[in-house]
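Notes follow the structure.
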Amino acid sequence: MFLCFLLCWTGVDAVYNLKYTVEEELRAGTKIANVTADAKNAGFALGNRQPYLRVISNSEPRWVNLSPAGLLITKQKIDRDAVCRQTPKCFISLEVMSNSMEICVIKIEIIDVNDNAPRFPTNHIDIEISENAAPGTRFPLEGASDPDSGSNGIQTYTITPNDIFGLEIKTRGDGSKIAELVVEKTLDRETQSRYTFELTAEDGGDPPKSGTVQLNIKVIDSNDNNPVFDEPVYTVNVMENSPINTLVIDLNATDPDEGTNGEVVYSFINFVSNLTKQMFKIDPKTGVITVNGVLDHEELPVHEIDVQAKDLGPNSIPAHCKVIVNVIDINDNAPEIKLLSENSEMVEVSENAPLGYVIALVRVSDNDSGANGKVQCRLQGNVPFRLNEFESFSTLLVDGRLDREQRDMYNLTILAEDSGYPPLRSSKSFAVKVTDENDNPPYFTKPHYQAMVLENNVPGAFLLAVSARDPDLGMNGTVSYEIIKSEVRGMSVESYVTVNSNGEIYGVRAFNHEDTRTFEFKVSAKDGGDPPLTSNATVRIVVLDVNDNTPVMTTPPLVNGTAEVSIPKNAGVGYLVTQIKADDYDEGENGRLTYSISEGDMAYFEIDQINGEVRTTKTFGENAKPSYQITVVAHDHGQTSLSASAYIVIYLSPDLNAQEQIGPVNLSLIFIIALGSIAVILFVTMIFVAVKCKRDNKEIRTYNC
C-alpha cells in the first residue's frame, strides 16, 4: 500500500487530501489505512471524541467503510473490474469532515490484478473466403474480452499455424484490441478448401493469461468482382438526442457486376455490440445508417460501427469498413446540486462558529461536457454565509457573526448555472439552524431589590422574589439562584434568609427592628451551561418597627412598682411633687409616650402629659391626710397602645421647707428675670449713646459754620 499526503490551499481555507493505493481482490475486513493517524500527521485538526471523522460522501459505500476510530476497512472483496471495468484509472473517493468541520478528501486507487483470462464469446469462428482473394486482403475477426484493464487486458492475438494467413492487431477507439485476418498467400480451392487454425488472445499480465478459439476457414469458388467501399474508415458527427431516423451516413459500396452478382447487401458485422445495434440501424439495400435509439453523449460519446457489404452472387467476398460516430454534446443536463450533510434539508451550526467555519459541503455536477458542463454557483441573498469553490466540491462557510438569540434560522438557496447556450439553471434550498451556546449570562430584571418587612415575622415567611432571565436555550437558559455568603451582625446571612430555585426569598428567623433595622446581601443567578455563567443583584431588607415593646418606668426608682416621695405639708398649688420618666425602645408613634394619672387622689395632683411632672393642684389643710396615693400611667401611641404604670405614695412632712422644694422653679424665674433686666439695660444704653452722638454732630456743624 502506498500513501500520499497532499494539502491544497485556496485563500486561507485548507482541504487535506489523503491518497492510498491498494490492489483489488482484498478480502472483506482488510485494513487499508489508519486515516485518523495519517490525517493528524498531515496537520488535520481532530476532536477529542469518536467518531473523529464523519463520512460525508462515499463513491463506493459497498466496498469500503470508515470506522468510528478512523480505520479505513474493506466491507467486501474489491473487484476492480466490476467497479471501473476497463478504465485505466480506478478510484474510490471519500470526503470526511472532522468535529472542527475541517475537510479531508480520501482517494483510494484500486490497482488491477491480472485475475481474468481473455475469453471468446463462442468456441469457434467460421468465415468464408473466395479463392481469388488477393494477398493482403483483410477479414475482421470477432475479438475476445478481458475484464482486466491496462497491461492486464488483451495485448495481442496469434494464429497457429500461420503459413498462409496472418494477423494484424488494431486498437479501437475505446483502447481494446481486435485482430484482422490477412491473406498472405494465394488460395486454391481445388488444392485445399478448408483450413482450421487456433486463434489465441493473450493479455499482458505477469504471468500472462490467454484464451483460444477454433478458427474455421472455408475457401469458396471465385466471384469475379467484389464490393468495394470508397473509404475504409468514415467519421461522422451526430448530435445527441437526435430524433429517430436521423441520417447518420449514406454508405456506398460499388460492384461492377450485373444482376445479382452486382447487387450489394449491407449489414453490421456480427461482433458489433448490442448497444450499437440498439442505437443505429442500417438499410440493407441502400447502406443508409440512421438513428434508432436515444443517443446520449454522457453515456457513450463515441460509437464504432463495423459494416460489411456483400453482393448476392455466389462465393462473394464481403467488403468491410468502419464508421466512427461522434455523439456531439448538447446542453441537455441542468446542473445538479447535492448538499453533503447529515440532513440534506437542514444544516446545524453553533452560534459561536468563527468566520470561515465549514458547516456543509456542496457538490454541483453537470453531466454535459465542455462549456455545457462548466458550472458557476452562488449563494442567494444577504446572509452571513458564503461558498468557497474547490475542484470537485464547494464548502459552505460562516461569513458573519451568528447570534441565535437574534435569529435562529436561515433559509438559504444555492443557484447553479452552466455555460451552455442557452444556459440551464437549478437551485437547492435548505435551512440552516443556529444552535444555542451558553453565551449569555442571566440578567436580573433590576439590579437592586428592596423589601419592607415588619419585625417579629414568622420564620419561613415569604419576603420577596427576585427574577433573572437568560435568553439561551435548554440548560444554558435554566436559571438557579443562591445567596452569596456574607455576614449580618457577625452571623451568616443564611441564618437570616434563604432563596429557592424560583428566586423566592424567605426569612429564616424572626427579625427584630431594635437589633437590626436593615441589612443587605447579594443573590447570584447561575445558568446550567458548561461552564455556567452568573450575575448578581443586591437585596436590601428593611425591618419595620412593630409596637412590641412596653414602656419601662425609670424615674423615680420603683420597688415592686411603687415609689414613695415626701412633700412639705404647707406646699402650695403647683408644687413639683416628682417627675415621672419612662423609656420605650420602639420608634416613632410606637415609642412616643404620654403620661396620665389613672386613679388615686386625682383631685390633689396633676401630671404633665409630655414631661411627666407631677404637681399639686390645691393646698393641704389642717385636716389633710398624712399620705396620698396616685397611679401614674405611661402609654405609647402604637396602633395597639402599650402602657406601664407606677404607684406613687406621697407623704406630707411638716419638717420640709416649701421654699426649698420649689427652688428649682424660683431659680428658673430668677434666671429669666435676670436675662430680661440685662436686655432692658442694653436697650437703654444704646438709646443714650445714639442721642448723645446726634447732639455732638450738631455742635460740630455749628462751629464749622
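Cβ from N, Cα, C; glycine included.
Database features (TrEMBL):
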| type | residues | note |
| --- | --- | --- |
| DOMAIN | 21-120 | domain 'Cadherin' |
| DOMAIN | 121-229 | domain 'Cadherin' |
| DOMAIN | 230-337 | domain 'Cadherin' |
| DOMAIN | 341-444 | domain 'Cadherin' |
| DOMAIN | 445-553 | domain 'Cadherin' |
| DOMAIN | 559-666 | domain 'Cadherin' |
| TRANSMEM | 667-691 | transmembrane segment |
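In the domain 'Cadherin' (341-444), the DSSP tally of helix, strand and coil residues is 4 helix, 51 strand, 49 coil. If you count C-beta pairs under 8 angstroms between the domain 'Cadherin' (559-666) and each of 121-229, 341-444, 445-553, the highest count goes to 445-553. Break the domain 'Cadherin' (21-120) down by DSSP state and the numbers are 11 helix, 38 strand, 51 coil.
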